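Lifted from TrEMBL, the feature list:
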ACT_SITE  Cys262  active site, nucleophile
ACT_SITE  His352  active site
ACT_SITE  Glu354  active site
BINDING   Ser55, Gly236, Gly238, Phe263, Gln266, Asn304, Gly306, Phe307  L-glutamine binding site
DOMAIN    11-141  domain 'Carbamoyl-phosphate synthase small subunit N-terminal'
REGION    1-187  region 'CPSase'
Amino acid sequence: MTTSTRGAGKAPAVLVLEDGRIFRGRAYGAVGETFGEAVFSTGMTGYQETLTDPSYHRQVVVMTAPHVGNTGVNDEDPESRRIWVAGYVVRDPARVPSSWRSRRTLDDELTEQGVVGVSGIDTRALTRHLRERGAMRVGIFSGESLADDAALLARVKEAPQMVGASLSAEVATTESYVVPAIGEKKFTVAALDLGIKGMTPHRMAERGIEVHVLPATATLDEVYAVNPDGFFLSNGPGDPSTVDLTVVKGVLERKTPLFGICFGNQILGRALGFGTYKLKYGHRGINQPVQDRTTGKVEVTAHNHGFAVDAPLDKVSDTAYGRAEVSHVCLNDQVVEGLQLLDQPAFSVQYHPEAAAGPHDAAYLFDRFVTLMEGQRA
Ligand SMILES: NC(=O)CC[C@H](N)C(=O)O
């Protein structure tokens, strides 16, 4: 969806929302044009992790934090091999980054990777607009010879919608690979890569898990070929209603311990027979309060989701795989943030316990997965 050229960093740029609202600023990163779904992230830090999270594929991310790029770009924090956001919107980019880890400026990195952005616009007004009207399609256009606004708006209206988009295959690995356990190997996990972040297998490896990361298209036979103690469903971009449920249902039938994160939670939900729906503007950021309904504890958590599971909060549901309940809920809006099965070892969360970036409150969920795998062996 993106075409771009290098250089001309301060060219005029225009951001056009599909409802006709327009913001004018200056080019940030590559000069050119791009289209996607406009969403906002409330994370004050962690922009490298956000940019490289494959779940942001086809989304134009608006940063509510007014200063972005202050710590530059380092080689340690990316969550995948490239930047995935379709476009980037900031108020006031840092001109001089400062960090002992910084290797280059964020502007240079965006330019290098051909990511079209815009700076110098009122991101607070834009965020309030998206909050009131909901996430919607957007285009960013920059360069010296911009077409008139009506022509740009017509192009935005031709861009694809997020509802109905099947995107995992565009971001996931095509070859399986192994992330070795750190220290003594205790378990083997088959992880379906629907757009996995690098920190996720690392969090498992830290707990003695050897993680076999499999392409999104892996079959049930390929999952069981690695002789897994557990099965993991990753985060990922797109609409969960487009995902084929054959593999996850096969895993549930065999009662293999299962853990899912974000897209994985939505897929587990659908496999259990719950619906998924699009939130008005979603949850993105690293400061979202979630209650674990099992313990009553509240965690501050990292989120990036535009869809959610439609499951009853007030009762246990009977599913094809036994009883299921909502284990976690977002305290801002009562959105379902986790599911657990009561008759077999399977659970998932809608948010990001791998915490890259984000607070580490939810790290215990990886320990829960280990406990389920231990229970299955005992
Ligand atoms: N981070 C994710 O896994 C996102 C899941 C899904 N694409 C959503 O937007 O809700």
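Here the Cβ of each residue, glycine as well, is placed from N, Cα and C on the backbone.
Note: TrEMBL annotation is automatic and uncurated.
Here the features listed in TrEMBL are placed on the structure.
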{"residue": "Ser55", "record": "L-glutamine binding site", "Cβ contacts under 8 Å, 6 or more apart": "Trp84, Gly195, Lys197, Asn235, Gly236, Pro237, Cys262, Phe263, Asn304, His305"}
{"residue": "Gly238", "record": "L-glutamine binding site", "Cβ contacts under 8 Å, 6 or more apart": "His57, Arg58, Met162, Ala165, Ser166, Leu167, Ser168, Phe263"}
{"residue": "Gln266", "record": "L-glutamine binding site", "Cβ contacts under 8 Å, 6 or more apart": "Pro240, Thr276, His305, Phe307, Ala308, Val309, Gln350"}
{"residue": "Gly306", "record": "L-glutamine binding site", "Cβ contacts under 8 Å, 6 or more apart": "Glu37, Val39, Gln59, Ala135, Met162, Lys278, Leu279, Tyr281, Gly282"}
{"residue": "His352", "record": "active site", "Cβ contacts under 8 Å, 6 or more apart": "Lys197, Asn235, Ile261, Cys262, Thr301, Ala302, His303, Asn304, Gly358, Ala362"}
{"residue": "Glu354", "record": "active site", "Cβ contacts under 8 Å, 6 or more apart": "Lys197, Met199, Thr200, His202, Arg203, Ile261"}
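Same-chain residues with CB within 8 A of the center of the Ser55, Gly236, Gly238, Phe263, Gln266, Asn304, Gly306, Phe307 CB atoms, the L-glutamine site residues themselves not counted, are Gly195, Asn235, Pro237, Asp239, Pro240, Cys262, His305. In the vicinity of ligand 1, defined as a Cβ distance under 6 Å, the following of the recorded positions Gly238, His352, Glu354 are placed: Gly238. Per DSSP, the secondary structure of the domain 'Carbamoyl-phosphate synthase small subunit N-terminal' (11-141) breaks down as 26 helix, 52 strand, 53 coil. Neighbour density around each Cβ, counted as other Cβ atoms within 10 Å, peaks among the binding-site residues Phe263, Phe307 at Phe263.
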